[in-house]
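Q: Okay, these came from Swiss-Prot:
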- ASN66: N-linked glycosylation site (CARBOHYD)
- ASN186: N-linked glycosylation site (CARBOHYD)
- 325-346: repeat 'LRR 8' (REPEAT)
- ASN556: N-linked glycosylation site (CARBOHYD)
- 575-596: repeat 'LRR 14' (REPEAT)
- ASN615: N-linked glycosylation site (CARBOHYD)
- 623-644: repeat 'LRR 16' (REPEAT)
- ASN786: N-linked glycosylation site (CARBOHYD)
- ASN791: N-linked glycosylation site (CARBOHYD)
- 851-901: domain 'LRRCT 4' (DOMAIN)
- ASN1001: N-linked glycosylation site (CARBOHYD)
- ASN1002: N-linked glycosylation site (CARBOHYD)
- ASN1011: N-linked glycosylation site (CARBOHYD)
- ASN1175: N-linked glycosylation site (CARBOHYD)
- ASN1258: N-linked glycosylation site (CARBOHYD)
- ASN1292: N-linked glycosylation site (CARBOHYD)
Amino acid sequence: MSGIGWQTLSLSLGLVLSILNKVAPQACPAQCSCSGSTVDCHGLALRSVPRNIPRNTERLDLNGNNITRITKIDFAGLRHLRVLQLMENRISTIERGAFQDLKELERLRLNRNNLQLFPELLFLGTAKLYRLDLSENQIQAIPRKAFRGAVDIKNLQLDYNQISCIEDGAFRALRDLEVLTLNNNNITRLSVASFNHMPKLRTFRLHSNNLYCDCHLAWLSDWLRQRPRVGLYTQCMGPSHLRGHNVAEVQKREFVCSGHQSFMAPSCSVLHCPAACTCSNNIVDCRGKGLTEIPTNLPETITEIRLEQNSIRVIPPGAFSPYKKLRRLDLSNNQISELAPDAFQGLRSLNSLVLYGNKITELPKSLFEGLFSLQLLLLNANKINCLRVDAFQDLHNLNLLSLYDNKLQTVAKGTFSALRAIQTMHLAQNPFICDCHLKWLADYLHTNPIETSGARCTSPRRLANKRIGQIKSKKFRCSGTEDYRSKLSGDCFADLACPEKCRCEGTTVDCSNQRLNKIPDHIPQYTAELRLNNNEFTVLEATGIFKKLPQLRKINFSNNKITDIEEGAFEGASGVNEILLTSNRLENVQHKMFKGLESLKTLMLRSNRISCVGNDSFIGLGSVRLLSLYDNQITTVAPGAFDSLHSLSTLNLLANPFNCNCHLAWLGEWLRRKRIVTGNPRCQKPYFLKEIPIQDVAIQDFTCDDGNDDNSCSPLSRCPSECTCLDTVVRCSNKGLKVLPKGIPKDVTELYLDGNQFTLVPKELSNYKHLTLIDLSNNRISTLSNQSFSNMTQLLTLILSYNRLRCIPPRTFDGLKSLRLLSLHGNDISVVPEGAFNDLSALSHLAIGANPLYCDCNMQWLSDWVKSEYKEPGIARCAGPGEMADKLLLTTPSKKFTCQGPVDITIQAKCNPCLSNPCKNDGTCNNDPVDFYRCTCPYGFKGQDCDVPIHACISNPCKHGGTCHLKEGENAGFWCTCADGFEGENCEVNIDDCEDNDCENNSTCVDGINNYTCLCPPEYTGELCEEKLDFCAQDLNPCQHDSKCILTPKGFKCDCTPGYIGEHCDIDFDDCQDNKCKNGAHCTDAVNGYTCVCPEGYSGLFCEFSPPMVLPRTSPCDNFDCQNGAQCIIRINEPICQCLPGYLGEKCEKLVSVNFVNKESYLQIPSAKVRPQTNITLQIATDEDSGILLYKGDKDHIAVELYRGRVRASYDTGSHPASAIYSVETINDGNFHIVELLTLDSSLSLSVDGGSPKVITNLSKQSTLNFDSPLYVGGMPGKNNVASLRQAPGQNGTSFHGCIRNLYINSELQDFRKMPMQTGILPGCEPCHKKVCAHGMCQPSSQSGFTCECEEGWMGPLCDQRTNDPCLGNKCVHGTCLPINAFSYSCKCLEGHGGVLCDEEEDLFNPCQMIKCKHGKCRLSGVGQPYCECNSGFTGDSCDREISCRGERIRDYYQKQQGYAACQTTKKVSRLECRGGCAGGQCCGPLRSKRRKYSFECTDGSSFVDEVEKVVKCGCARCAS
């Protein structure tokens, strides 16, 4: 009977438990989010599949993680799973049977992983799988049983892999397959047996492979022709004559095999031994092979793996679980820092595990679970800092354990209790703290003397360096905070160390007086009192820090600058019973500030700026006993303000300016009744109640008469005078603001600051926590910072369009996780750094158009990002580089975003303006948030770029070492003292010293600097060519190749040996000059003969025997007629016309783009092209604000024109005014825009860049438009009957100035070449595409050049300089003329001068007073620096050194006295002057001189010729007596 009862009870319990299991909800894995039957774990950086996935899960998202391995247990039990997303991980291994429980699986995505192979029969249990994506992996082969069991697959994607082998029958079971992608692989051959069982196949991609089109692939051509819609673009890659041919177009006879070839069915078996390793006798040896990960798919029978001395960093889950017979595993001397908890799972035979010499810091829980046979465990030379108490619980047979040389400070009691067979243990070289928690280890080692390495204590100091096994146990004791920090070490929990800048004593953490502005991140959990007083806190943020401090009881925030406490700031502080907020800057108190303080008993709010206590200020603080509001600015307390404080026993309201009007009437009676208030709070207003205790005022005296109706608790908000406020919306638009106005309500949700003068995002915006919209458009903001939008967690809309933004810092938008709309339209942004939008997870719309985006590889991420969910509407276009110009960010393929060489410096300088070196003349550049950059100029220069000299000599105008001197009495003038050998206004002329030279024997004089050189004839030498040479002397004989040298009157001649010619017999005579080589043979010269090198096919001594005749090939361009000046070039053996700018077509026969450079030009299209129902589309680019694009009609007309940069379309049917529509977009940015015009009988539609069309409908009367009139493009003729358009309001009637291309009328591309071409209309769109001429007309001068024809009153290359310069003929004496306007100027005086015209001298310090010149005199340089000008024969800074004797060439007049007349040579004469000193008592003087005749002119008008002695050589000689 009892047995039956127990059975019944067991059955009942089982039934109840079964029901509970089905009803009770299962927990969601940590970090993941669960909704219904969907589990979302994407993008969490997971390294393995999380455990505890609910059994009822139908959809599991694991994409975007770091998972490397899929094991058999990862998805065990998930029998309801239908969708599994595993793309974008690092999966390299999938164990066989990993999907065996997924009976309901329908869709599986494994694309973008690292799979190289996958086991056969992997999908055996997934009978309902119909979509499988394995693309973008590294799969090399498809084995025969790869998809066995997955018979319902309809969509199979294998593209972008490395597949080179597909075994026969691999797809045989996939009879329902509809989509198969094999493109972009390495496939060379295929068997027909692989594809002849797919009757439903509708999409098949095989292009971009290495197909070898020989006889074995002939079946594929017929197969593709029978299915013309599949296998498109499949091409042969070999043999060479078929390369690039479509397989379906190759005839069957062309599929030939050379020689004897037999086709073997491919076998895709993969070697189990890795290529880098050796395998023998069940041992896999991979030592020192540079491996970075554990090799996979090893033989399952191996018993030993040697992986030491590699670079492995991670041991993934189940890395060795397939190898059940493994006995020895060596992983020493790697870089292992991460071990999966189940890394060694299932290795029951393992008896040796070597892990020394790695970077392991912690042993995961259950790491050694189940290793019952382990005898040797080496963990030495790692960085292990803790051991869990159960780390070795299954190691009953362990003999040796080495933990030598790690970072262990303590070991929990019981850690080694399971090691029943332990014989040797190494614990030395660990920094053990020998406190009370390590006492057990000393006792253990006394009882079991197995520690042989000599483990010692590191601290405390009294036990330092003593052996643990030799210390008495009573000396192991705890003091201070040691007990708190290490008492949980058995769970690998050691509490945090004392924070930097703080002091810890017992359970008190003191961080006061440290100028902190936020709470330290790492506070020990044992903290009971936290002191943060006397710091720089302004806002207490909700960081969740108090959730980590379960023991906290008291917090001190006194003497800070706190103005606000965020909601949730104290969340988790449920145990805190005392908070001190004394001496801060709080202005109001709200209950949400103290949310989470359920146990608070004391709240100190003394000495703040609180003006009102509301009736909801202290809701939720029912435990507070003491509340101090002493010394605030409280004037009003709302009725019921203290009703929620049920435990309140002490209330301090003293030292507050209470206004005892009708709003405070309730408080007097409340104070009398409660009797919990400290002292007697007194009235301060009205005057007749001043200093009267509130509780003593009669109820009838609390009145609001005489205008005393102030109530600080009134909900009315303030509004700045510059703004308008409605509820929580504040509008401050178009007010010229440069700073944020004061008085904006704290609860503002929408703030409009557009149309102002802000240059930076106001820092004060971070104080407004409730903002959901900020509009800062149309300001002058040039820079953003990483903190521009901090603390704006609720922001939904941020508008920054039409500013001067050039650069987006990487973390500008961090924290804006709620943002939905971001507008950066109309700025100067070229690059957005990758990761800048990482936190914008809720963003649905990004406006970034009208920016010069530089779309290289660094912007590929942004293109992918906007494409992912169409977050950008297709407006943003690229400005470069190269072919990316004008491409849409949204639709351009990602592969087009490539980097070709270094990025242009102008692009890089947008985020670092100083990179472009804008500061001239060695100025120092500093980045500036408003002006982009600022230059600190060196002495002598000024201006924004330091490019303006302060006076004329600063720029060193005197060349070749000349000295600059400022002129007196002239504006900015200077004069130069030239160095010897130079003359001219700027010392730019090198004097011709050869004009009077002494070169002899017909030698040639070569001018130098203040000297000359004589270039001698071959037979002479010497300084003046005065010595004759013997050329046939042994050391000078120039004759080569044993030829004979013979002296001649003019020099020498060489008598050459046979076979050589030339002046020096140095040329081997070319015997090929008169050769008999035939048929284009190459003649090779030899000594006294030659050899004929025959072309291919020719033979004979002179190549006279010809080969069989072959027909010469002709160039493909010979009969290919390129038009309009185009050049024919050959690409891939095909002729192609390279068109000139503006032309298009196979032979460049059409002109499709023209440039309107003359504002009186237009094109005329015949009327037959335009009917009542017409669609006109064209692309335009211009910088102009106005101009006519299209015009048709007479009095009644259709006109499309530019009006203030927008497109205006008007339809005048005779009514006044004409009907008109305008585009939303402005298009005068220089970029191309698409304009589309659609006319119907009663409507006109205008669309720009594919945007929403603007329409004119329901016209006032039937149109009388003359459709027989022509259509004018780019302008119109100046006839009287179109004057109405020119005079219409807002219209200027001027012709278009810019570029028009791709004009379509009713889908027909128009050829401008067929229209009359006026002057001022040029083919193509460059170089006058941009508005380069400021006040004039651009005229192209070549394909890439241009000239500007200036308007009246302007001049310069770009017509940007006015012709009337007021500084012409100015009267500034010692200064610079500065124009004030077109008619007047002012003088900026040089240093030392003053007055209106800088004509008055001022006292000036003479720098020459500080310098002494021994043999010379002091001069001032052009920049005002003193220097010594030395006398002849002396040098040095002070002219104190005598130079050695040398001849200094001077150029001067010779002078003579003839009676009373002074005479001099008619020109300057060059001569030597001997200067310097000599040693040994000798004198410097002439060694050689000449006499030369010169003409002289005298002061009395006479002239004569006389000889003059000239010195030609100087040196040291005996002094003259």
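Numbering starts at 1 and runs along the chain as displayed.
Positions of Cβ are set from backbone N, Cα and C atoms, glycine also.
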Q: By CA-CA distance, flag whichever of ASN66, ASN786, ASN1002 among the glycosylation sites is nearest to ASN615 (N-linked glycosylation site).
A: ASN786
Q: Which three-state DSSP class does ASN1175 (N-linked glycosylation site) fall into?
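A: DSSP assigns ASN1175 (N-linked glycosylation site) to strand.
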Q: Of all the glycosylation sites given, namely ASN66, ASN186, ASN1001, ASN1002, ASN1011, which is spatially nearest to ASN791 (N-linked glycosylation site) at the Cα level?
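A: If we rank ASN66, ASN186, ASN1001, ASN1002, ASN1011 by Cα distance to ASN791 (N-linked glycosylation site), first place goes to ASN66.
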Q: Near the repeat 'LRR 16' (623-644), which same-chain residues lie under 8 Å Cβ to Cβ, leaving out any that are not at least 6 residues past its ends?
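A: For the repeat 'LRR 16' (623-644), the sequence-distant neighbours (Cβ-Cβ under 8 Å, at least 6 residues beyond its ends) are 577, 582, 591, 598-615, 617, 650-659, 663-664, 666-667, 670, 685, 710-713.
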Q: Out of ASN786, ASN1001, give me whichever of these glycosylation sites has the highest number of other Cβ atoms within 10 Å.
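A: When each Cβ's neighbours within 10 Å are tallied, ASN1001 tops the list.
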Q: How big is the gap, in Å, between the Cα of ASN186 (N-linked glycosylation site) and that of ASN66 (N-linked glycosylation site), rounded to a whole number?
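A: Checking the Cα atoms of ASN186 (N-linked glycosylation site) and ASN66 (N-linked glycosylation site) gives a distance of 27 Å.
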Q: Going by C-alpha distance, which of the glycosylation sites ASN1002, ASN1011, ASN1175 is nearest to ASN556 (N-linked glycosylation site)?
A: ASN1175
Q: Across the repeat 'LRR 16' (623-644), what is the average pLDDT of the model, as a whole number?
A: 92
Q: Quick check: of the glycosylation sites listed here (ASN66, ASN786, ASN1011, ASN1175), which one has the Cα closest to that of ASN1002 (N-linked glycosylation site)?
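A: Comparing Cα positions, the closest of these glycosylation sites turns out to be ASN1011.
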Q: Per residue, counting other C-beta atoms within 10 angstroms of the C-beta, which of the glycosylation sites ASN186, ASN556, ASN615, ASN791, ASN1011 reaches the highest number?
A: ASN556
Q: Once near-sequence residues are set aside, which residues in the chain of ASN1175 (N-linked glycosylation site), 6 or more away, have Cβ atoms under 8 Å from its Cβ?
A: GLU1236, LEU1237, LEU1238, TYR1304, ILE1305, ASN1306, SER1307
Q: Counting Cβ atoms within 10 Å of each candidate's own Cβ, which of the glycosylation sites ASN66, ASN1002 comes out highest?
A: ASN66
Q: Given the glycosylation sites ASN66, ASN786, ASN1011, find the one whose Cα is closest in space to the Cα of ASN1001 (N-linked glycosylation site).
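A: Looking at Cα distances from ASN1001 (N-linked glycosylation site), the smallest one goes to ASN1011.
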Q: Rounded to a whole number, how many Å is the Cα of ASN66 (N-linked glycosylation site) away from the Cα of ASN1011 (N-linked glycosylation site)?
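A: Distance (Cα to Cα, whole Å): 79 Å.
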Q: Can you grab the distance from ASN786 (N-linked glycosylation site) over to ASN1011 (N-linked glycosylation site)? Cα atoms, rounded to a whole Å.
A: 66
Q: Can you break down the repeat 'LRR 14' (575-596) into helix, strand and coil residue counts using DSSP?
A: 4 helix, 3 strand, 15 coil
Q: Per DSSP, what is the residue tally for the repeat 'LRR 16' (623-644) in helix, strand and coil?
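A: Taking each residue of the repeat 'LRR 16' (623-644) in turn, the totals are 0 helix, 5 strand, 17 coil.
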Q: Work out, from DSSP, the number of helix, strand and coil residues along the domain 'LRRCT 4' (851-901).
A: 19 helix, 7 strand, 25 coil
Q: What does DSSP call ASN615 (N-linked glycosylation site) in the simple three-state scheme?
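A: Looking at the DSSP assignment, ASN615 (N-linked glycosylation site) belongs to neither helix nor strand, so coil.
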Q: Tell me whether ASN556 (N-linked glycosylation site) sits in a helix, a strand or coil according to DSSP.
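A: Its secondary structure by DSSP: strand.
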